[in-house]
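> Dropping a structure here in structure tokens format, bear with me for questions.
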Amino acid sequence: MSEYDLIDIDTMLSHAGDFERYQFILMFLFSVINVLSAFHYFGQTFISVVPGHKCKLSNKEDSQYIVAAQCSNTIFQNDTYYELPCTQGWTYNNSYGYTSIVEELNWVCDDSWKSAIGQSVFFIGSVVGSILFGILADSIGRLHVLEILLQYYHRIFIAGCATDANFVMMYIIVMEYMRPSMRTFGLNLCIGIFYCLACMVIPWMAVLLQNWQLLLVVISVPHLGILTFYFFVSESAQWLISKGRIEDAIRCFIWIARVNKKVINDESFEALRRYCSQYVMVIKKQESFLSLLKTPKLRRKILILIFKSMIMTLCYDAISRNVNGLGYSPFLVFTATSSTILPACLLILTFQDRIGRKALASGSLLLSGLFTACSGIVQVFIKTPDPTVIVTLAIIARLGINVAYNSGAQYAVELIPTVVRGRGVSVIHVSGYAASFFSPQILYLANIWKPSTEVILGILLVLGACACLFLPETLNRTLPVTLQDGENFGEDE
């Protein structure tokens, strides 16, 4: 471990009893954030879910017969078939009686692009929010940003700003207050159980409420409860130290120790003061993110990480939301595919420290890519494929992308040198969310050629799997601290 890693802060946490009450408080609150984030993020899917629909039949006395399709009527007249656009509106076969905004506003056929644009606006908000609140988090603190985000859950763009940043701020606080040996287990446990359950529940919440407007209220209002987090969560001690506010950081440790019914001796505080003085000097000498791109080998690694993040985040969102037109109710499909989140986290816990980051990242992306592409190939060569086959392929594809997505953040953290780690991870994360803007557009292409979504996503995932092979392994390696360390890291593989 590097001399610049937070050894003394981890020791202080140990003195404060970090494996006791406060750790469980953080894990509980992070679990709540997982539930609320899943509700709000994937609630957008069911607000704009596309119900089964077909044209209302028009009464043309001179037509021998009329057949209604989704976006046109086929008539037989004068020994010739004619395709006529819908003029009388649509008849909807909405699952379980739920009314989405698509049905209410008739966003189908020629107007189906409106729903896709709405989804993309959400991701524009996510990018803006990640950048804006990331800067605020480094300026005014993690906890204050978490509270500010509560004001941003009313409109779709601003909701996009808040949803991702809200989750990330709490993720950072948990990361910074948990010992390294517990981070993989604790974070994956919370995500695996609570995010999984929330994703499986959200479709049936929509069914229970029967209306997209009520659903929007229910998934947004509970975020007001995060106001109470201020009374249970301490500000990030690591952030306080990086700003030179050492005494404020010490007060945080005293408060944590009090929660855990521990007492920290004065010698430990003096040791922390000495460490912090040295650490703050290191922080002041940090390079900018652009320094990562100045040398060829490190630049190659960073660009691969950005490319991988863009593919991984884009495909994660598209595969998760691809629930329409698969032959089963979108509510059932989403529930079935969401059930893979917990197994994915268990696979990460089981294999990440055995086979390594590279093998897990590349293998999971390849698995997801192959099964997604297979789904597209089946739809190309079989006019009416068995829905069970398509859904089964979708479930395996989502399992693979869940593994890649949930393990991807840790891989990036370990590869980027310590001196620019925070800013490097932020840029990679934002790049991924920027790519998600195209997720609704890729899903929309299914209206033009049905297998196009699966074919495109399959190709992208295979490319991502290949790109991972050019990254160095970080398992059981001394991680890079300086830019020169990053330049040389993994070059002997």
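Every residue, even glycine, has its Cβ placed from backbone N, Cα and C.
A TrEMBL annotation is a machine prediction, not a hand-curated record.
In case it helps, TrEMBL gives these features for our protein:
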type: TRANSMEM; residues: 22-42; note: transmembrane segment
type: TRANSMEM; residues: 121-140; note: transmembrane segment
type: TRANSMEM; residues: 152-173; note: transmembrane segment
type: TRANSMEM; residues: 185-206; note: transmembrane segment
type: TRANSMEM; residues: 212-233; note: transmembrane segment
type: TRANSMEM; residues: 302-319; note: transmembrane segment
type: TRANSMEM; residues: 331-351; note: transmembrane segment
type: TRANSMEM; residues: 363-382; note: transmembrane segment
type: TRANSMEM; residues: 388-405; note: transmembrane segment
type: TRANSMEM; residues: 426-449; note: transmembrane segment
type: TRANSMEM; residues: 455-472; note: transmembrane segment
> Is it true that the transmembrane segment (388-405) and the transmembrane segment (363-382) have 3 or more CB pairs under 8 Å, sequence gap of 6 or more?
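The transmembrane segment (363-382) and the transmembrane segment (388-405): touching, yes.
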> Most CB pairs under 8 Å with the transmembrane segment (455-472): which of 185-206, 302-319, 331-351, 426-449?
302-319
> Looking at the transmembrane segment (212-233) and the transmembrane segment (22-42), are there 3+ C-beta pairs under 8 A, with each pair at least 6 apart in sequence?
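When sequence-distant Cβ pairs are counted, the transmembrane segment (22-42) touches the transmembrane segment (212-233), since at least 3 lie under 8 Å.
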> Honestly, do the transmembrane segment (363-382) and the transmembrane segment (185-206) touch, with at least three Cβ pairs under 8 Å and pairs 6 or more apart in sequence?
no
> With the transmembrane segment (331-351) as the reference, which stretch in 185-206, 302-319, 426-449 has the largest tally of C-beta pairs below 8 Å?
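Out of the listed stretches, 185-206 contacts the transmembrane segment (331-351) most.
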